[in-house]
Amino acid sequence: MAADIRIVPCLTDNFGYLIHDPSSGATASIDAPEAAPLIAALEKEGWKLTDILVTHHHGDHVGGVAELKKKYQCRVVAPHDANAKIADIDLRVEEGDVVRVGGLSARVLETPGHTLDHISYVFDDDRALFAADTLFSIGCGRVFEGTYPMMWESLLKLRELPDDFKLYCGHEYTASNVKFALTIEPDNAALQARAKQVEQQRAAGQPTIPVTLGEEKQANLFLRADVPSVAAAVGLPGESAADVFGELRERKNNS
């Protein structure tokens with residue numbers, strides 16, 4: 001039976017996510033930006049939280065962990081080298097590990113760059129990628145702890161997933177990401193189409209997530225740093241994809 005996924009807006013622009021296995025009743029929260037909205041969503045659905053799958057240590061992703069752990073006695077899964085900012089870790093995971101949530105299986109990918117401990121969770125059977133702050137729709141996370149080549153390699157790892165996977169990212173940044181991307185690739189038809197879709201979604205008060213990886217591969221600049229036209233657009237024809245990515249990220253930082 002397919003997983004049920006709920007998007008739970010948290011804080012100012014964070015996404016919390018609940019993924020539920022109808023067969024076993026198990027439910028995981030992907031990160032826990034704050035407890036109250038997640039508790040409300042769980043109670044609305046009649047679900048009991050069994051697991052929290054943490055992607056990285058930033059406070060806007062783990063701020064609700066301690067309260068949820070206390071209330072539900074749930075298991076906290078976190079990156080193997082996560083620091084002390086994450087409370088009460090029960091299981092540390094690394095590349096290639098598989099985390100089971102009832103009958104659901106999540107494969108762990110190490111995706112460092114935004115932070116050194118960042119991981120993503122891949123639910124292959126449910127065609128769902130929870131990439132937190134590594135990959136956004138039409139964007140990517142700032143590189144706080146890693147390097148640009150490191151972040152580029154992480155994005156390449158996610159780009160290898162099939163086109164039909166749906167991306168669930170950490171923040172609602174899509175509108176601003178689209179605005180920036182159009183300054184680099186104004187003639188990208190896939191980006192233009194996504195821009196119209198995002199405008200309609202935001203006007204209706206709807207989230208811009210999920211989106212398929214196939215769409216992102218066509219429209220997201222940060223997944224296309226190895227495309228010659230993108231390199232040329234930032235004045236780096238013939239340079240390495242990592243250097244082009246770094247230039248894109250610097251420009252986005254200053255936009």
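If you go along the chain as it appears here, the first residue is 1 and each next one adds 1.
In case you wondered, yes, glycine gets a Cβ from its N, Cα and C as well.
On a predicted model such as this, the values are computed, not experimentally measured, just so you know.
Of the residues proposed, ASP81, ASP90, ASP133, the one Swiss-Prot records at the same Zn(2+) 1 site as HIS56, HIS58, HIS114 is ASP133. Zn(2+) 2 binds ASP60, HIS61, ASP133 as Swiss-Prot records it, and from the list HIS20, HIS171 the residue named for this site is HIS171.
Fewest other C-beta atoms within 10 angstroms, among the binding-site residues HIS56, HIS61, HIS114, HIS171, are seen around HIS171.
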